[in-house]
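Asks: Can you keep this structure in mind? I'll have questions shortly.
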């Protein structure tokens, strides 16, 4: 199957403009994404970055490009300040929990992976763990030192940013936005200089430290991403993603390290640097530093399916701020439910035409996840789209144009909804279009059902068996025409957060309880 015709366009933070995307290797896109520092749970703002990156990867796969995707796990070196001050976040978390750093890292890494699974986010090709690459980091820093880009202080080995004429490309050389918010470390030649290796002080008791040419200590946070991206993707790869808060300091420092290591000012690490914007609430940017933040578990405990958060993310462009509020997440849940109901009804219409086992051959053969594991896209998309006619192909072309234009997913999701209501299409055409579109949107619409969206809130006063018993009693009262008793049971269920759905196949559902 030929690739869709729309060219892929991205806003490149490096050039500050929209550019045509052409991979370095036409056979494979190389993509690196900054991963979490695993000292705490990922909050919803953190997770927005991975919904964005997953959508990006899905779109590239859908367009015909296999993707070699690397995400790092930072389990050492990230200080409470993005510069070189404060405590190591991992050391501080371990001390507070009275556990080893390894135990803390393992716990929060597994929690993060669980969040990604709940959001239907694909695993990368490689999970790159920082502490597995310490020797690589030492060798990388040593080469930069030999090239004359460093100096030593009592606190460690520092990168001399004055050696690079174009330092701060991503920040546009705007000190007010980048350098201006870096705290000063005594002895640094310039405020923007940063640690490649932080030497342990003699009176410091650290759980994690390694022997190096600069004394025992730990790598700087910025060093980790340069080393791991280059190791797995090469000196210059296609795309680097991360949150917009990384753009002014962390990613500027990555670029500086890459240029110093290669000796080539043109080798910034990636041709395209893509940054997602913040998730905000009434108090501003969602942040762990505020001490109180919302996690995916917060939503699940409120009775909200995690894919409702994915719907919310799809409703705003990745470069725009996204507002989180109770009203917004509940509206996203309602939107998800409507989609699941509509797709379920559509599947029933299509299945009625199939004599064998109620499911079309193409639907049985289609595995939404297999295309991310190297399955040929011409098979996966060809399986779905081959029989589509003019009207359906026109919709698919509009969808292609939206997702190819800097990932305009807020335009793409309404096209899926429009397809569901399009009476000019045959039901099977509609379902085939939904299947193709959802390869990018990632809502698992062909497999979700309403029952899976019916989640009991953690603080609900009744257990499901109590609810079923009361519903059975209510049915009995209705048969006996004791409507007063029937209404009383309905009211009791409503007060307990259960909506009775007479005439609906589901019968009843939990009402989300939002107390955050």
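Glycine residues also receive a Cβ, built from the backbone N, Cα and C atoms like all the rest.
In case it helps, Swiss-Prot gives these features for our protein:
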- 34, 225, 250, 254: Zn(2+) binding site (BINDING)
- 36-46: motif ''HIGH' region' (MOTIF)
- 285-289: motif ''KMSKS' region' (MOTIF)
- 288: ATP binding site (BINDING)
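For each listed feature, how buried is it and what is near it?
Replies: The Cβ neighbour count for residue 254 (Zn(2+) binding site), using a 10 Å radius over every protein chain in view, is 29.
Long-range contacts of the motif ''HIGH' region' (36-46) within the same chain, counting only residues at least 6 positions beyond its ends with a Cβ under 8 Å from a Cβ of the stretch, are 73-75, 78, 89-90, 92-93, 104-105, 108-109, 111-112, 115, 243, 278-279, 285-288, 293-299, 309, 324.
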Asks: Could you tell me which three-state DSSP class residue 254 (Zn(2+) binding site) falls into?
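Replies: In the DSSP reduction, residue 254 (Zn(2+) binding site) maps to helix.
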Asks: Among the binding-site residues 34, 225, whose Cβ has the fewest other Cβ atoms within 10 Å?
Replies: 34
Asks: For the motif ''HIGH' region' (36-46), what are the DSSP-based totals of helix, strand and coil residues?
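Replies: Computed counts for the motif ''HIGH' region' (36-46) are 3 helix, 1 strand, 7 coil.
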Asks: Taking the recorded Zn(2+) site as 34, 225, 250, 254, identify the other residues of that chain whose CB atom sits within 8 Å of the mean position of the site's CB atoms, giving them in sequence order.
Replies: 221, 222, 224, 226, 240, 242, 246, 251, 253
